[in-house]
Amino acid sequence: MENTENSVDSKSIKNSEPKIIHGSKSVDSGISLDNSYKMDYPEMGLCIIINNKNFHKSTGMASRSGTDVDAANLRETFMNLKYEVRNKNDLTREEIVELMRNVSKEDHSKRSSFVCVLLSHGEEGIIFGTNGPVDLKKITSFFRGDCCRSLTGKPKLFIIQACRGTELDCGIETDSGVDDDMACHKIPVEADFLYAYSTAPGYYSWRNSRDGSWFIQSLCAMLKQYAHKLEFMHILTRVNRKVATEFESSSFDATFHAKKQIPCIVSMLTKELYFYQ
């Protein structure tokens with residue numbers, strides 16, 4: 001039988017084995033045009049996937065086995081949603097910043113939205129280039145309303161598969177059963193962002209060497225199933241449940257055995273987001 005490993009997206013951690021627990025639309029469709037983002041521009045938008053697998057020796061960070069599975073899964077998923085997908089592999093921190101700066105300067109006026117996926121090691125508020133850390137704030141700031149005017153008022157989605165600390169979630173038993181155009185001409189520059197983090201602040205984020213990370217597996221599965229049926233926040237809620245209930249780490253090291261994970265969604269979206277009209 002093929003051996004696979006579960007890892008976490010922090011700078012370093014002992015390996016552990018995986019275990020999965022098995023237990024177009026119009027007003028007539030019920031979508032309010034006043035309360036939902038306009039998604040019928042000529043193009044859906046860009047989806048930038050930054051996939052950092054191999055890191056400079058000086059960083060002391062291990063290779064992220066399984067991340068190529070995530071990148072391929074994401075590419076297929078967002079291409080099916082009609083995004084223009086651009087995959088970038090093993091970027092330094094300088095290259096990440098330069099890429100994001102250049103993308104923000106593009107003309108997005110014919111695009112409905114923007115998606116950026118970051119697959120790497122991380123800490124709270126930080127994503128790692130192959131040669132060192134970058135503040136997430138620096139990456140996302142290029143797309144603020146006052147910096148990227150052609151995306152103003154449009155949804156900007158940042159999906160982040162990375163650790164946010166070194167805490168481990170032991171889980172807890174439960175007996176509940178596992179079952180209009182804007183009237184104002186000014187909007188906050190931080191409006192219309194959504195950050196989908198793979199894990200809660202301070203915690204490890206788990207990744208499987210064969211199947212990819214728990215979070216990206218679940219996100220792609222739920223998007224494939226519900227992208228043409230549900231609003232995006234509802235889809236992300238189902239992602240949270242899938243990660244929380246269907247995955248658990250298995251390790252010979254008791255410290256890393258039977259651990260859980262819950263994604264964390266931070267939304268500054270001002271309207272409902274449907275990937276269909």
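Note that Cβ sites are derived from N, Cα and C of the backbone, with glycine treated the same way.
Per Swiss-Prot, N-acetylmethionine is recorded for MET1, and the stated evidence type is similarity to another entry.
The feature region 'Disordered' is assigned by Swiss-Prot to 1-25.
Swiss-Prot lists 11-20 with the feature compositional bias 'Basic and acidic residues'.
Look at Swiss-Prot and you will find SER26 tagged as phosphoserine.
Residue environment of HIS121 (active site) contains 25 other Cβ atoms, counted within 10 Å of its Cβ in all protein chains. HIS121 (active site) carries neither a helix nor a strand DSSP state and counts as coil. Here Swiss-Prot flags HIS121 (among others) as active site.
Around the Cβ of CYS163 (active site), a 10 Å sphere holds 27 further Cβ atoms from the protein chains shown. Taken from Swiss-Prot, the feature active site applies to CYS163 (among others).
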